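What follows is one structure encoded as structure tokens, with my remarks underneath.
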Amino acid sequence: MFYASVLSAGVLLCAFSAHADDRDQLKSIQADIAAKERDVRQQQQQRASLLAQLKAQEEAISAAARKLRETQSTLDQLNAQIDEMNASIAKLEQQKASQERNLAAQLDAAFRQGEHTGIQLILSGEESQRGQRLQAYFGYLNQARQETIAELKQTREQVATQKAELEEKQSQQQTLLYEQRAQQAKLEQARNERKKTLAGLESSIQQGQQQLSELRANESRLRNSIARAEAAAKARAEREAREAQAVRDKQQEASRKGSTYKPTESERSLMSRTGGLGAPRGQAYWPVRGPILHRYGERLQGELRWKGMVIGASEGTEVKAIADGRVILADWLQGYGLVVVVEHGKGDMSLYGYNQSALVSVGAQVRSALVSVGAQGAGARRTTYRPCGQ
């Protein structure tokens, strides 16, 4: 078994008619691409860091904008309250002025009446009943003056209270205005940081575009590597095919003589690994079960196209070999991550890429449950099946 890579979020499975068994030739690629592989990983880390910063700044901008809207709403309500209080204070001031005029008139009337009240009553000798009426009148006038004075005092207290409230509201408004300015400055700062982040991200993307040519070179190197391995394995495949045919001839000869020939363990292994995949009849396993995210030949980026099927799968999903075979490669290749190549005989081979570790080694016989799919960040996981021979 081997576990899938986080580098390219999936397992690359390549099935093709080819014969590859020369690990040394494939290993020669590793020395050439080791330095570039480190650069690729570093760029991926930088890109992930920039994306994380961008996300954080987007959240900061959203929070600042939301707070700004809340502050503006509060300011609008406060301004409306202040307008109402100003109108109320103006009305109270009018009442105050009216009461002051009424009090002045009452005091003037009392003064005028007081000049000819008590003495005139005594000298004129008017009846006591009229005197009582005058005393009652002055008592009423005095009570009215007292009520007017009390109302004026209450009005003045109300005006003072309203003014104090207005001053408090104005202080709150000044505080809110300060907060609003601070929030605006924070928003602008976040926007400026976002622009810087976007500029850095664009630069990173441009650098990534330069990797497209490297990806094409990677594919070419992989095909060349497989071609070299095919040439090295062809002689062995022909030899093993002859040996397997010799075993079958022994079985047929024994059958004609009315007996049976029981192959040895090594002969059974030889016949198994030289049987090939055969004609497509649905006998091969799917590497995983999941939605097909990309199909063979679908556009990837620019002129690049997918060289296989991308199958969605979650992290830890078991991936099966498509058929029995023998491992002829388990190593790292640029652009494909950790690659495992399984030979099925008769020139048939399957390739599993984008893995992060392998529990199989060259020469091992495999049947199923080869890999577990890896992950890339928090996004969807995917497994790639790639028919390289097409």
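Positions of Cβ are set from backbone N, Cα and C atoms, glycine also.
Automated prediction, rather than curation, is the source of TrEMBL annotations.
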If I go by TrEMBL, the feature coiled coil sits on one of 145-172, 201-228. Which?
145-172
Given the model, what does the mean pLDDT over the coiled coil (145-172) come out as?
77
